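Sequence annotations record features per position, and here TrEMBL assigns site 'Important for substrate specificity' to Arg13, Thr77, Gln164. Residues or ranges marked as active site, proton acceptor in TrEMBL: Asp76.
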Amino acid sequence: MAKKVILASGSPRRKELLEQVGVEFEQRVSGKEERYTATEPKEIVKELALMKAENVASDIEAEKGLLIDTVVIGADTIVVLDGQILGKPRNEEHAFEMLQNLQGRSHEVYTGVAFLSYNKEGKKEVISHAVETKVHVHEMSEKEIREYVATKDPMDKAGGYGIQGVFAAYIDGIEGDYYNVVGLPVSYVYQQLKEICLMC
Ligand SMILES: Cc1cn([C@H]2C[C@H](O)[C@@H](COP(=O)(O)OP(=O)(O)OP(=O)(O)O)O2)c(=O)[nH]c1=O
């Protein structure tokens, strides 16, 4: 990759996925909060992903001046059940409620990815995109949900579950990109990076 890549994320999953496909990058987070104004899930995750990338880019610019020959990537994942948006659970009871609603049914996971691509003159190009995956969750008893919540695995994950961990026991199937559910549609990201860096 000809450009420097910065992953604007604190997520260990996103870091692992980008490493898995051989991209060299730096990871950085901004302390600034993200808020959305959009109403459609795809637009919400795109807006939040862009905000994460922009917050990190502005932090770096404040420290070091203009960003040059660099791509900053932000991402955001939400779970949507019957049009209702589920982010990360506030506490264990909230996680329990989310899982009670998700079990025995299907829902959608959306991940938005934003790229801020800076050329040699520091001119910025913005690309944002959202990927949807449908997830079918097996029925769970109250006891099974309580036991899963007690593992604390739900607490840092949208929808209160992690497809990549013990919760795999309840995944009947998915339609779409698995990695999108884990937090980064990594083939889309890789192909987009290839395109951006071919043009540089
Ligand atoms: C549904 C699901 C979500 N998740 C994770 C992906 C995301 O990390 C998290 C959703 O929170 P996000 O706000 O998208 O991301 P984050 O706070 O973890 O990281 P950052 O904002 O710094 O980039 O949920 C899983 O790991 N497995 C799953 O099956």
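Glycine is treated like the rest: Cβ placed from N, Cα and C.
Nobody curates TrEMBL annotations by hand; they come from automatic prediction.
Small disclaimer: the values here were computed from a predicted structure and weren't measured.
Features as recorded by TrEMBL, highlighted on the structure.
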{"residue": "Arg13", "record": "site 'Important for substrate specificity'", "contacts (Cβ under 8 Å, 6+ apart)": "Gln164, Val182, Gly183, Leu184"}
{"residue": "Asp76", "record": "active site, proton acceptor", "contacts (Cβ under 8 Å, 6+ apart)": "Glu34, Ile44, Val45, Leu48, Ala49, Lys52, Thr111, Gly112"}
{"residue": "Thr77", "record": "site 'Important for substrate specificity'", "contacts (Cβ under 8 Å, 6+ apart)": "Val45, Val109, Tyr110, Thr111, Gly112, Ala158, Asn180, Val181, Gly183"}
DSSP state at Gln164 (site 'Important for substrate specificity'), helix/strand/coil: coil
Other C-beta atoms that fall within 10 angstroms of the C-beta of Gln164 (site 'Important for substrate specificity'): 17
Three-state secondary structure, which DSSP defines for Arg13 (site 'Important for substrate specificity'): helix
